[in-house]
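Trainee: From TrEMBL, here are the annotated features:
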COMPBIAS  1-14  compositional bias 'Basic and acidic residues'
DOMAIN    182-311  domain 'Fatty acid hydroxylase'
REGION    1-30  region 'Disordered'
TRANSMEM  91-116  transmembrane segment
TRANSMEM  174-195  transmembrane segment
């Protein structure tokens, strides 16, 4: 430590004019050297923490890079996509992956309920026409590039360390993982309920955004393909709670990515008009009522938010009222 101080003193002396050298107190020079040495040691833990944080964030980047390799490497011919910036690779992967999930879930659902189990789940007169489903696909595919931006942005924020996401379940353990997941889903459910409700209650939002989705207001106009047939901004707004939750509760990164993509499957399910009668799930029976009354059943996964805020309407009670 003395050698460092003497070196700093000698360097300082070399840069001080000769006439002022004798006027500088020795104690001041020693104090300055001690401060520099102290700072060099006190900053090193901060530097190490920053380095560790950077290394940790690389885990998220490595995971999204792996997703890109799997999806783009399997679908996109050639290697041109590898020259894209990482963010645009992720957007392209989300776009292609989302499109694939949308069509697979939609076609499989339609194959089962409209053809394989024809007249079992849905009466013949309630089956939507191929033209109606084609129009729903057009609306959804126009919005898909914009939908794909939201998970890409959320991944970027996670990779940048702006959220409370964690990379592996082992960091928190399985009990806390499920606690965090439950809180995450409650936040998402609450957020989607109120976002959806405000898209109805605020008239300009309904007129310019949500009305695009509500042209499907009868059983024979609803199909699994209507699940993503929204105005692009409408679809994004209803998915925003998934992103906001990342800033509130610790969330496993892979689980968040999976939850976003499961939305395509879930929205296909709740637009097939089949009442599954699985309490407290907000299934298609509840959501069909929403498309016909416009004032009930705004919830997403469960009936709880509608029950809490007085907007729940049960499909069986509704059917009983129609018959009476």
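Yeah, the Cβs are placed from backbone N, Cα and C, and that goes for glycine too.
Note that this is a predicted model, so its numbers are computed, not measured.
In the displayed structure, how are the listed features positioned relative to their neighbours?
Mentor: Taking Cβ pairs closer than 8 Å, the transmembrane segment (91-116) reaches residues 67-68, 71-72, 75-76, 81, 84, 122, 127, 133, 137, 140-141, 144-145, 147-149, 151-152, 223-225, 227-228, 261, 264-265, 268-269, 272, 274 in its own chain, all 6 or more past its ends.
Cβ atoms under 8 Å from those of the transmembrane segment (174-195) belong to residues 237-238, 240-242, 244-245, 248-252, 255-256, 259, 298-302, 304-306, 309 of the same chain, restricted to positions at least 6 beyond its ends.
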Trainee: Averaged over the whole of the domain 'Fatty acid hydroxylase' (182-311), what is the pLDDT?
Mentor: 93
Trainee: Helix, strand, coil: count each for the residues of the domain 'Fatty acid hydroxylase' (182-311), based on DSSP.
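Mentor: Output for the domain 'Fatty acid hydroxylase' (182-311) reads 88 helix, 4 strand, 38 coil.
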